[in-house]
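A.B. asks: When I checked Swiss-Prot for this same protein, it listed these features:
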| type | residues | note |
| --- | --- | --- |
| TRANSMEM | 5-24 | transmembrane segment |
| TRANSMEM | 34-56 | transmembrane segment |
| TRANSMEM | 63-80 | transmembrane segment |
| TRANSMEM | 95-114 | transmembrane segment |
| TRANSMEM | 121-139 | transmembrane segment |
| TRANSMEM | 154-171 | transmembrane segment |
| TRANSMEM | 183-205 | transmembrane segment |
| TRANSMEM | 220-237 | transmembrane segment |
| TRANSMEM | 244-266 | transmembrane segment |
| TRANSMEM | 276-293 | transmembrane segment |
Amino acid sequence: MNATALLIGLGPLLGWGLFPTIASKIGGRPVNQILGTSLGTLIFAAIFSMINGLAFPAGMDLFFSILSGVGWACAQIITFKCFTMIGSSRAMPVTTAFQLLGASLWGVFFLGNWPGATAKLLGAFALVLIMIGAKMTVWSETESAESAGIMKKAVLLLAVGEIGYWAYSAAPQATAIDGMHAFLPQAIGMVIVAVIYSAVVTIKGGEISPFIEAVSYKQIFSGFFFAFAALTYLISAQPDMNGLATGFILSQTSVVLATLTGIWFLGQKKTAKEMTVTIIGLVLILAAATITVMI
């Protein structure tokens, strides 16, 4: 692995690691966050496509690419809602664990991954590590019945959101184009969902329309971080860079940065014991991610 490949591989660490913290710091409601983030991603993707002269997909390639973006936006709305419930430092490890579980199970049952008894045994061990790690990251020394109920609700919501994240990663596999050509249509799908969601909130009334709130457009900045991470991951996963396996592992390190910056910069405090358990949980999740791609 050369220095250039390593730097590109660490792009998702910075982009996806800082994205949840920046989006939470800028503030606003989930509708503001998804609208701004999607617009930021669209701007980034459009500029990238124009600079590189990428042809715009058509037919089913376009459909599945847009569907991918729709899935991500739906899932991200749920994740943003969970940020308000339990904080990004707790939500991110859980949603990362669900994404790893979803991707692994999809690969085993539908793509023929992990052939042989040994591979399946190692894979099952990795999945157990993921679940243990996720549980450890949300552990609390003192938790009231009310906060425990909120946590359970958030975890269930994040599990539902995994359907959207699964569509985000699985839909492009049905196309005949690479990730860079799918990037702009994905962003269009994200904006479609964000605009519809914002319109529904506006029509329902009772709340300020997100279209006229400044915070919605401030969130464009957080969208640049998400888009940067998505693009550098696509480049990192190329065979002549880090390859899919190493690129994926490097990208998953973002959960560590997202969790720690949420604790340090958003006031999502943990006791010394909770911090120790959280870090161990993060290590288990990363170890499991490494196992799943090395089988």
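A Cβ is built for glycine as well, from the same backbone N, Cα and C atoms used for every other residue.
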A.B. asks: Please indicate, using numbers and ranges, the residues of the same chain that are 6 or more beyond the transmembrane segment (63-80) and have a C-beta under 8 Å from a C-beta there.
C.D. replies: 20, 23, 30-31, 33-34, 37-38, 57, 91, 95, 157-158, 160-172, 174-175, 177, 181-182, 185-194, 197
A.B. asks: Which bits of the chain, at least 6 residues beyond where the transmembrane segment (276-293) starts or stops, bring a Cβ under 8 A of a Cβ in it?
C.D. replies: 89, 93, 96-97, 100, 103-104, 122-123, 125-127, 129-130, 132-137, 139, 244-246, 248-249, 252-253, 255-256, 259, 270
A.B. asks: If contact means at least 3 Cβ pairs within less than 8 Å, sequence distance 6 or more, would you call the transmembrane segment (154-171) and the transmembrane segment (95-114) in contact?
C.D. replies: yes
A.B. asks: When you scan the chain for residues with a C-beta under 8 Å from the transmembrane segment (244-266), skipping those not six or more beyond its ends, what do you find?
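C.D. replies: Those are 1, 9-10, 12-21, 24-25, 87-90, 92-93, 96, 100, 137, 229, 233, 236-238, 275, 278, 282, 285-286, 289-290, 293-294, in sequence order.
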A.B. asks: Counting only CB pairs under 8 A, let me know which of 34-56, 95-114, 183-205 has the most with the transmembrane segment (121-139).
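C.D. replies: Out of the listed stretches, 95-114 contacts the transmembrane segment (121-139) most.
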A.B. asks: For the transmembrane segment (220-237), name the stretch out of 5-24, 34-56, 95-114, 183-205 with the most CB-CB pairs under 8 Å.
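C.D. replies: That would be 5-24.
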